[in-house]
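Pulled from TrEMBL, these are the features on record:
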- A:33-50: transmembrane segment (TRANSMEM)
- A:85-106: transmembrane segment (TRANSMEM)
- A:113-128: transmembrane segment (TRANSMEM)
- A:130-427: domain 'NADH:quinone oxidoreductase/Mrp antiporter transmembrane' (DOMAIN)
- A:134-154: transmembrane segment (TRANSMEM)
- A:206-230: transmembrane segment (TRANSMEM)
- A:242-265: transmembrane segment (TRANSMEM)
- A:271-293: transmembrane segment (TRANSMEM)
- A:300-323: transmembrane segment (TRANSMEM)
- A:343-361: transmembrane segment (TRANSMEM)
- A:373-392: transmembrane segment (TRANSMEM)
- A:418-438: transmembrane segment (TRANSMEM)
- A:459-478: transmembrane segment (TRANSMEM)
């Protein structure tokens, strides 16, 4: 079984969606329990990755490779390194929570909802495992189909606009990557990412490819100025959809930079690092200000996601300035590590924030901040969790939000203090928009009579929020295991950055 | 004097001619209530023909009747899939024809004659055989389009098709005559060498241009696409599904025979012509499809854009490109039969199900039908892991390998445009509420439901296992 652990992790949820779908709308509970069972088994299996994966070894592990298309030399090849393992664990963890979170909330065709979630989960795991560019692309694109359905069927009033925008934006980004990949394939004769990484390319070729990759992953992350699909998609998506979108899907953009831009086109990445860093800082500062004025809670958290993901891209590309400019490998490692920790942490924090908003929305059916106020008086337990996640979102030490951001700021200081200064703005702006929202939602007097009737969270919701809270605190207080898990892979990545291709 | 070998090489075609005549006779002496038997007999006839094509396939390419007829791997692949999709067409069409009192023997006989035309066309070794096969195919198609005599739309479509088709045939014939004048030969094999040594290169190029026009018309590539939307919309859906599937394979076969087998030496000239056709088809097909409200018209414009992608493969002008284009033609034929198959399966007496709005809320009425249609739409749009994506991947690759990166980028950009209208169909089915009072469900005919489901699921399965099929497509162009 362990020989095919990765395949199992990908295909179990996908295949598990079939019985869930067959349960039909007449037996919603069968569908729910089956879906939960599949998600739990997948999560337990994903835990087996930890003993199986040797964190001291920087090589790709748990390799599976079968010939897929013999005449083109395309392989069905999977493998993981520390970064993939962490992201897969995150995906499986979130996978359970979104199914529990949707339990009673989704009343319309719950079997289809659960099935779409499971398929989505399997495909996302596939993205993190694939070591063949074509296979990666297949998972990367296929993932859009269940998400399209999730937002479009179970979303809010403007769901159709939002989901079409989401699909077309992402497809727009990735089709150019496909053209780039075909070009690479014709040069290298293989879609294997390792072969592509070793392929010599001129700076001109690299620049074209860099932008092809940049469009694809910048849309996914999302980076300014192609982030506009995200607030729409988040606002209209059902809670579970928002959680998966923020917690895992955005990470695929950051992950893509690591797997494609950095190793395949390192020189162009260095040449255009200023661009990515500039866009990242814009996201951190400018989008932070935009978040400040939002009236809609989901939109606010969506913009805060864009700002936080700015740290991921900043951490990844600041490494170029450090390695190639100053030869400072340690600082570069710190930045890269910070970016990775930020990815995982943001997965937990944003997932938790959207779950909290979902809890409120289920009770009052509005996401407008002004409709709330004084919620703490009727929902003390909810208030506890909400404040905790808000603190994590603004990067309070002791929560997971602090670790990654701090590492990235520290690293960028060594590259250029000005960059660090702008990045550090997030500590102020992030706290401002998050706490301002908390103030208006939780504190104060109850001015809306419906708020007075709200019931505190039930056991199911406590489970979901409690699980997120445990993860946020664990990562904040003791990030060492996560850092250790990814350490050798990050070191390897950073050392690779020094290899010139031209 | 034809010898026994020639007859054997032509066996599948001859068998079909005899079978079609027998079916016509049988129909004349058959009581109307026995007609379902005729239906199944026709399907069986096609399946036996597939067997004859595969079983009698010689290991090496052979020719019959002094090179007029070629039986090689390319012809085999095209024939197998033309016969297969036609068998699917028969199965999907039956309930529709019964509901509309069009369940007549002519439909089967005419379609089989059209298929014989396809088989001759893709096996042509001579310009005359090309023309012969083409005319057999198109004349049968004109009659099929007019099958519903009492419908004005149908008659109008048939007249349009006939007039434009005759014009295109004239162009093709004119081009052939010029090529003959320049080279002195009608045989495609001889043309191959003669094209380079002609004393009249201008005449030859002129002939080539006219032939490309004829091919463009058959493919339905812009700017020779005018007939497609009207014919698709005007024909009974049971005929549209045929016109939209097997003849596309024939059109690829014709393009391959004329351009690659015959005028391969002029590839540097026709490459650019095809590239222009491809860009125009991609642009017109995808952009005009956006504003369509009729599902059949939408699929018509989508066909035009798909022919643009097929041309991306041909532009490569090498075995790799031909294999990609052949693969694309097969994938398109399967997707197109599936798409029209779903429409046919949802149609009822008095309800055509041909407006996009007719699909509103399909997921609530019939989740399975909605799921099948969704898979077909994503496959047509080229979203992995469905079959259509890999077909697109291969033609893009062929174009890039031919050094036409710009063409591949145009193809990629229009894939995004195309995505929009396919998504719109999914949106209507999944996100919209059903219109009160309409009742749309899948046909109760078990054979339709099972075969249609298999047809669509094949798009998913082939998305994972397209290797062997592509391997087959590659092999036939090697050596």
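Placed from the backbone N, Cα and C atoms, the Cβ positions cover glycine too.
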If we call contact 3 or more Cβ pairs under 8 Å (sequence gap 6 or more), are the transmembrane segment (A:271-293) and the transmembrane segment (A:134-154) touching?
no
At a Cβ cut-off of 8 Å, and with pairs 6 or more apart in sequence only, do we get at least 3 pairs between the transmembrane segment (A:206-230) and the transmembrane segment (A:134-154), yes or no?
no
Per the Cβ filter (under 8 Å) with a sequence gap of at least 6 from its ends, the transmembrane segment (A:418-438) is approached by 277, 281, 284-285, 288-289, 291-292, 294, 297, 300, 303-304, 307-308, 311, 314, 318, 369, 386-387, 390, 393-395, 405, 408-410, 412
With an 8 Å cut-off on Cβ pairs and a sequence gap of 6 or more, do the transmembrane segment (A:134-154) and the transmembrane segment (A:33-50) reach 3 or more such pairs?
no
